[in-house]
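*Asks:* As annotated in Swiss-Prot:
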TOPO_DOM  1-31  topological domain 'Cytoplasmic'
TOPO_DOM  77-98  topological domain 'Cytoplasmic'
TOPO_DOM  120-135  topological domain 'Extracellular'
TOPO_DOM  157-176  topological domain 'Cytoplasmic'
TOPO_DOM  198-222  topological domain 'Extracellular'
TOPO_DOM  244-278  topological domain 'Cytoplasmic'
TOPO_DOM  300-327  topological domain 'Extracellular'
TOPO_DOM  349-356  topological domain 'Cytoplasmic'
TOPO_DOM  378-394  topological domain 'Extracellular'
TOPO_DOM  416-433  topological domain 'Cytoplasmic'
TOPO_DOM  455-467  topological domain 'Extracellular'
TOPO_DOM  489-501  topological domain 'Cytoplasmic'
TRANSMEM  32-52  transmembrane segment
TRANSMEM  56-76  transmembrane segment
TRANSMEM  99-119  transmembrane segment
TRANSMEM  136-156  transmembrane segment
TRANSMEM  177-197  transmembrane segment
TRANSMEM  223-243  transmembrane segment
TRANSMEM  279-299  transmembrane segment
TRANSMEM  328-348  transmembrane segment
TRANSMEM  357-377  transmembrane segment
TRANSMEM  395-415  transmembrane segment
TRANSMEM  434-454  transmembrane segment
TRANSMEM  468-488  transmembrane segment
Amino acid sequence: MPRRPSGGGGGAGPAAAAVRKVPLRKLLRAASVACGVQFGWALQLSLLTPYVQELGIPHAFASLVWLCGPLSGLLVQPLVGHLSDRIAPAASPLGRRRPFIAAGAASIAAAVLTVGFSADLGRIFGDSITPGSTRLGAIIVYLVGFWLLDVGNNATQGPCRAFLADLTENDPRRTRIANAYFSLFMALGNILGYATGAYSGWYKIFPFTVTPSCSISCANLKSAFLLDIIILVVTTCITVASVQEPQSFGSDEADHPSTEQEAFLWELFGSFRYFTLPVWMVLIVTALTWIGWFPFILFDTDWMGREIYRGSPDDPSITQSYHDGVRMGSFGLMLNSVLLGFTSIVLEKLCRKWGAGLVWGVSNILMALCFVAMLVITYVAKNMDYPPSGVPPTGIVIASLVVFTILGAPLAITYSIPYAMAASRVENLGLGQGLAMGILNLAIVIPQVIVSLGSGPWDQLFGGGNAPAFAVAAAASFIGGLVAILGLPRARIASRRRGHR
């Protein structure tokens, strides 16, 4: 695989480069689709693990449902990135990235409708509406929608990241700013999504969502997904109309899409042999970081409902306590997103001052401390005397919310720095930005597969609950932090304004 010239090449002279320098305000609009995508993702993270347990899947197997996310991401995001790299910019009136962004958004809209109405569709397929019964039809419909939702998420976010990388022309500073904009919109989508999930009165605003097969909690979820579609359509239109895609790139891939194309998987995995040590370090730290994040993503609100509020989604006598905990967890995730947004604003200054590697490493160690704090809170709550149907002590709830909030800072860094570092370091390998984002995605989804497969056995091995997964998360985050501090550059990537390695 040939290296491309460090100047960007492709016959584009200085004038073309000047034309391609997109104003920051247009980069801001180009990143806005992250708000719509993340709104639905926030609902997925906060509400769907509890909801699938309501449908009848046991807690020990709930993590297996999330396998569809990393498995679809394992192929969908690299494939979409590869295909968008190969499209000649002039071949489509929307360029080469925006058609995939629009198609992914349409998939998300179809998916959330399927998930939201899964209980009603399950009733059509013969499900019982008796409380506590397993609804096989609804589970099947839910799984189809869940898979489609993850495919849509991967098909949208990958091309959007590559779109931003194209617009910034691999300038490290502008790339970090563009990814910070993306993180800022993700934070806004998170805030809106988690606030929507924390509100329990949507069924009153949309009374048609309550049906014999869809209880109040189900109707609230259904209403939230209807709001998601509105926000997704608006933000997708803003992104697609924001800026014209560059007509010239640093590689001749797009100019000759029908020649010299290697088989996709061979190109994806074969590119590994060209990676330098710094690229491998970025991928290793990314993998360890996501081994840390995924247990929290899977079980954050479930942890609040089970361990803190002592409820259960499959025991009618304490179901209300569980839902109260889930809503409180959604509120905590909303606070998390506020800090995420603030961190996204100041992240560029932090990287300039301390270096991207050090900032990333310190954030991972902070993650580890937060997960250890969750284990301590779990232990303290378990040994306190309050009834399952009662309200947990205020101190325990506040401590849990503080941990949820603090985790917003490292989450903002996870959403930004790995992508910026990958974009600036992989460019000279002869890869398009779409495939580069797909390769980074492998370092995200493979750890998610490991956690999804391991969470159930860890749960059963240690007597149930979410503590074992959080212990693994703490260890992986701490190791990832040390590797980032010792193995990634501190100042070099932050001090360079232009050019390539």
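Note that Cβ sites are derived from N, Cα and C of the backbone, with glycine treated the same way.
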*Asks:* In the same chain, which residue numbers or ranges, 6 or more beyond the ends of the transmembrane segment (357-377), come under 8 angstroms Cβ to Cβ?
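*Replies:* Distant Cβ neighbours of the transmembrane segment (357-377) are 285, 288-289, 292-293, 295-296, 303, 307-308, 347, 350-351, 396, 399-400, 403, 406-407, 409-410, 413-414, 417-418, 467, 470-471, 473-475, 477-478, 480-490, 493.
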*Asks:* Take the C-beta pairs under 8 A between the transmembrane segment (395-415) and each of 56-76, 177-197, 223-243. Which stretch has the highest count?
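*Replies:* Highest pair count goes to 177-197.
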*Asks:* Return yes if the transmembrane segment (136-156) and the transmembrane segment (32-52) have at least 3 CB pairs under 8 Å (sequence gap of 6 or more), otherwise no.
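*Replies:* Between the transmembrane segment (32-52) and the transmembrane segment (136-156), which are separate recorded stretches, there is contact, as judged by 3 or more close Cβ pairs.
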*Asks:* Can you work out the mean pLDDT of the predicted model over the topological domain 'Cytoplasmic' (244-278)?
*Replies:* 56
*Asks:* With the transmembrane segment (32-52) as the reference, find which of 99-119, 177-197, 223-243, 279-299 contributes the most Cβ pairs under 8 Å.
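*Replies:* Selected stretch: 177-197, with the most Cβ pairs under 8 Å.
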*Asks:* Taking 3+ C-beta pairs under 8 angstroms (sequence gap of 6 or more) as contact, is the transmembrane segment (177-197) in contact with the transmembrane segment (279-299)?
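*Replies:* No, the transmembrane segment (177-197) and the transmembrane segment (279-299) are not in contact.
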*Asks:* Taking residues 6+ outside the topological domain 'Extracellular' (378-394), which of them lie with a CB under 8 Å of any CB in it?
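*Replies:* Here the qualifying positions are 303, 307-311, 317-318, 320-321, 324, 465-467, 470.
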*Asks:* What stretch of 99-119, 279-299, 328-348 shows the most Cβ pairs under 8 Å to the transmembrane segment (223-243)?
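*Replies:* Answer is 99-119, with the largest number of Cβ pairs below 8 Å.
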